[in-house]
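What follows is a short report on a single structure.
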Amino acid sequence: MFSHIHPDNYDAQLSKKQQDMAKLFSDFNLPAPDLYPSVPLNYRQRAEFRVWHEGDDLYYIMFDSKTKEKFRVDDFPVASELINNAMKALLATIKDQRELRFKLFQVDFLSTLSGELLISMLYHKPLEDNWQIEAEKLKAQLSTIAPVDIIGRAKKQKIIVDKDYVMESLNVGGKTYVYQQVENSFTQPNAGVNEQMLLWAQQATQNAGGDLIELYCGNGNFSIALAENFERVLGTEISKTSVRSAQINISENGIDNIDIVRMSSEEFSQAMNGERKFRRLEDFDLTTYNYDTVLVDPPRAGLDRDSVELVRRFNKIIYISCNPETLKDNLALLVETHQIDKFALFDQFPYTDHIETGVILTRK
């Protein structure tokens, strides 16, 4: 099933993506795109597998996206080497361990460039005290591969051995940034390309000055790397988990000019306009911010109409998109007031139809 995933095929698939993007955005007067390729193998830091039980045997499976048929997975060439090593070691260790094996239906892996690993094991059964005892033994055995933590999940249960996050280190422009990444929260899966995205955004905002507002800031991925280019940064995020991670990451990186508030872009727009007062903003005077630059990294649905109207109020817009189709729709509105200065293609997902794009727009 993975025969197409090979370094010999990488350049051709990337070239096709360039052609597809040029065709999709042909109605816009785009500058020549900046292109940021991925390494051709072992680039994903996250992977999820179902577990198939067959007599005494058990193995990972995935499902064909077109036929929906299951297929066996012993190696996963797009995942990090650390994940591939852990995949094999985990099954070999639990194969004859009933407490860890019985009713196990899924395993999720989260690894880092810094060499840490988090494994989540999902069950169709309640987890008893014996499960934790055996999970601690499993952790000790797998720790010969890398620093590892294990999470057991069942209905209304979550057992952590010993933490539910990893600490990633990303090198951007010769500087290392540290990020807490929590299980089940969003992180960029291709860490190498993420480093390139952060560098591109850093360089695009050099000497920008003023303040940066980031909507959908997640764990502070962009805000932290861009903080040095701005006087102040204000990030908004609706996930409590991501807000907590962002606060930790701000502290870990010794940054003192970022604030994070938990609210949606719609709520932030209402606060900016003075339409509503929020207790969460009691310590912030939004009238003191210089609303010059905004960064948005929305979900696949893109920006809704109200959010488009919000970002149009800024002189500079940095738009990171995981869905070119919704980006195209949003750009059709944004180019009425702004011009496209930079356009970038980030190959976050080689050998798939998906591509991450970045656009810098400035007011006409």
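Backbone N, Cα and C define each Cβ position, glycine as well.
Features reported for this protein in Swiss-Prot:
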BINDING   Q188, Y216, N221, E237, D297  S-adenosyl-L-methionine binding site
ACT_SITE  C322  active site, nucleophile
ACT_SITE  E356  active site, proton acceptor
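Between the CA atoms of Q188 (S-adenosyl-L-methionine binding site) and the residue listed as 'active site, nucleophile' there is a gap of 11 Å, rounded to the nearest whole number.
The S-adenosyl-L-methionine site, placed at the center of the C-beta atoms of Q188, Y216, N221, E237, D297, has further neighbours from the same chain whose C-beta lies within 8 angstroms: F186, E214, C217, G218, N219, F222, S242, I320. When the binding-site residues Q188, N221 are compared by the number of other C-beta atoms lying within 10 angstroms of their own C-beta, Q188 comes out lowest. The distance from the Cα of C322 (active site, nucleophile) to the Cα of E356 (active site, proton acceptor) comes to 5 Å. Under a cutoff of 8 A between CB atoms, and with a sequence separation of 6+ in the same chain, the neighbours of D297 (S-adenosyl-L-methionine binding site) are E214, L215, Y216, C217, G218, N221, F222, I320, S321. Here the residue listed as 'active site, proton acceptor' is positioned 20 angstrom away from E237 (S-adenosyl-L-methionine binding site), judged by their C-alpha atoms.
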